[in-house]
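Some notes on the structure that comes next.
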Amino acid sequence: MMRIALYLLTNLAVIVVASITLSLLGVDSYLAQNGSGLNLTSLLIFSAVFGFAGSLISLLISKPMAKWSAKVQTINEPSNQAERWLLDTVKELSDKAGIKMPEVGVFPAQQSNAFATGWNKNDALVAVSQGLLTRFRPEEVRAVLAHEIGHVANGDMVTLSLIQGVVNTFVIFAARVVGYVIDSFMRRDGGGGLGFGYYIVVIVTEIIFGIAASTIVMKFSRFREYRADVAGAQLADRRDMISALQRLKAEAKVPNQMPDSLVAFGINSGVKQGLKALFSSHPPLDDRIAALQEKRHG
């Protein structure tokens with residue numbers, strides 16, 4: 001379960017860089033119709049094209065970026081019994097979920113963790129940490145793998161991309177409308193074209209709106225963790241899934257060696273209260289355990 005910080009940062013970076021580039025090329029001035037008013041239809045189309053482009057880029061590079069940043073060693077041919085068991089277990093679970101077997105890898109981290117990523121359910125990657133393989137019982141590892149297979153089978157990355165595309169579109173569109181209104185107010189002489197203030201306002205507003213809108217993406221991320229827990233319980237065993245989450249809770253103080261860009265993709269604990277809870281990609285482990293015990297979320 002490990003996906004979103006890198007994803008959100010990539011999207012935000014694409015939006016800002018694209019905004020600067022298009023402003024330099026004069027696209028914003030064209031959309032402003034020489035100062036006579038914004039063409040909202042053209043602006044909305046423009047926003048959707050570039051909003052979904054950023055989301056698509058993030059989706060397409062998610063697997064190679066995850067491999068690189070987490071130093072994942074993919075297993076093509078098993079070199080020992082543990083690797084053979086890992087491949088066989090992922091194959092069994094993916095067959096049960098009705099998807100093509102993902103690539104399987106191990107990454108060097110003391111903390112028990114795992115993640116799944118990829119641009120579609122039949123071209124995914126499932127990776128586990130050395131710590132997970134060392135300290136978890138086989139039944140618990142299997143439950144964690146089932147959780148990750150659940151993410152893949154549920155198409156979480158594609159759904160996340162669609163949500164992010166809509167959010168990006170809103171950010172690009174709203175930032176330009178705000179920029180145009182403020183720029184028009186500041187330049188009451190009625191001169192044609194856009195002033196320098198417009199470009200500054202657009203960039204700053206995109207960053208602010210982008211951060212605020214990320215709470216929507218994170219809310220979906222928290223919801224999909226509950227669904228993946230249910231998938232783990234169905235593909236493996238509910239008691240083993242609960243046991244795995246309880247062990248993760250017990251290891252909360254183990255140093256996290258996973259790259260910051262991938263922390264949101266892992267089986268990490270969420271924040272329960274305060275402003276940080278809005279930006280947490282995962283629900284608190286206590287809530288996830290309770291949901292499984294009460295058989296909520298399916």
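Any Cβ shown, glycine's included, is placed from N, Cα and C.
Feature annotation from Swiss-Prot assigns transmembrane segment to 4-24 (among others).
Residues annotated as transmembrane segment in Swiss-Prot, with sequence analysis given as evidence: 41-61 (among others).
Of all the Cβ atoms in the protein chains shown, 28 others lie within 10 Å of the Cβ of His151 (Zn(2+) binding site). Among the features that Swiss-Prot reports, Zn(2+) binding site is placed at His147, His151, Glu225.
Feature annotation from Swiss-Prot assigns active site to Glu148; the stated evidence is sequence analysis. All chains included, 29 other C-beta atoms sit within 10 angstroms of the C-beta of Glu148 (active site).
Per Swiss-Prot, transmembrane segment is recorded for 162-182 (among others), and the stated evidence type is sequence analysis.
Here Swiss-Prot flags 193-213 (among others) as transmembrane segment, drawing on sequence analysis.
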Task: Distance from Glu148 (active site) back to Glu225 (Zn(2+) binding site), taken between C-alpha atoms, in Å - done: 10
- [ ] Tell me whether His151 (Zn(2+) binding site) sits in a helix, a strand or coil according to DSSP.
- [x] helix
